[in-house]
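Peer 1: Quick paste of what TrEMBL says about this protein:
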- 23-200: domain 'Ribosomal RNA methyltransferase FtsJ' (DOMAIN)
- G55, W57, D75, D93, D117: S-adenosyl-L-methionine binding site (BINDING)
- K157: active site, proton acceptor (ACT_SITE)
Amino acid sequence: MGKQWQVQKKKDPYYKRAKGENYRSRASFKLLQLNKKYKIIKKGNNVVDLGAVPGGWSQVALEKVEEEGMVLGIDLQKIKPFPEENFHFIKGDFTKEETQRKIIDIMGGTVDAIISDASPSLSGIKDVDHLRSIDLAESTIDICDNILEENGNLIMKVFQGNEFKNLLEKMKKRFKILKTTKPSSSRKRSSEMYVIGLKYVNLTEK
Ligand SMILES: C[S@@+](CC[C@H](N)C(=O)[O-])C[C@H]1O[C@@H](n2cnc3c(N)ncnc32)[C@H](O)[C@@H]1O
């Protein structure tokens, strides 16, 4: 990380707040802001967090589901353990069938919400990074089709680009309510957008 980036990070109000409020990342505030508005995660819910490290979203999810719910994080990297017994973790690639099978095994049925803040490894080339992000989004939709409960909710980060519209079309078929938004805690210069799907409809059933 360069010196300029370090200086910018220290000036960032959400970075400071995350440190002060003991959140693992500034990203926690994105989920807090979006959850306040869209009620994606509720008390007692079972939640899958795709691309969970360092754990800022899982922390917020654990707060929202309380002891009655469960949170499963998945990431390519290891996560610093959480003390909560209702947190589980898989170290793996969620685009792979093997990992998706493990998710189904651990959750043991359908889930109420899927949250994904996953970012591909960045090349710095906008179109390449967009397409990598779309690949992650496509896998996320497959996971929804496998385990998301009828009327369940999804929130997913996507880097915008040419394929964004097609992705939204796919999602429109699956969710009764679809929103795209960029919370104020998302950096303005980033092309990231958050797609929120509420009230999932399983097209593969019957
Ligand atoms: C921006 S970070 C997530 C931050 C997290 N939401 C938080 O609040 O702390 C994106 C994460 O996505 C993970 N990731 C990217 N592609 C993945 C994949 N195919 N399978 C699992 N994790 C992936 C990365 O390893 C990285 O840790």
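Backbone N, Cα and C atoms are what each Cβ position is placed from, and that goes for glycine too.
Note: TrEMBL annotation is automatic and uncurated.
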Peer 1: Rounded to a whole number, how many Å is the Cα of K157 (active site, proton acceptor) away from the Cα of D117 (S-adenosyl-L-methionine binding site)?
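Peer 2: Distance (Cα to Cα, whole Å): 5 Å.
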Peer 1: Using the structure shown, find which entry in D93, D117 (the binding-site residues) has the sparsest Cβ neighbourhood within 10 Å.
Peer 2: D93
Peer 1: Given a separation of at least six residues and a C-beta threshold under 8 Å, show me what packs close to D75 (S-adenosyl-L-methionine binding site) in the same chain.
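Peer 2: Listed in sequence order, they are G51, A52, V53, F89, K91.
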Peer 1: W57 (S-adenosyl-L-methionine binding site) has how many other Cβ neighbours within 10 Å of its own Cβ?
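Peer 2: Taking all protein chains shown, W57 (S-adenosyl-L-methionine binding site) has 31 Cβ neighbours within 10 Å.
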Peer 1: Translate the DSSP assignment of W57 (S-adenosyl-L-methionine binding site) into the three-state scheme.
Peer 2: helix
Peer 1: How big is the S-adenosyl-L-methionine site in terms of the longest C-alpha to C-alpha distance among G55, W57, D75, D93, D117, in angstrom?
Peer 2: 18
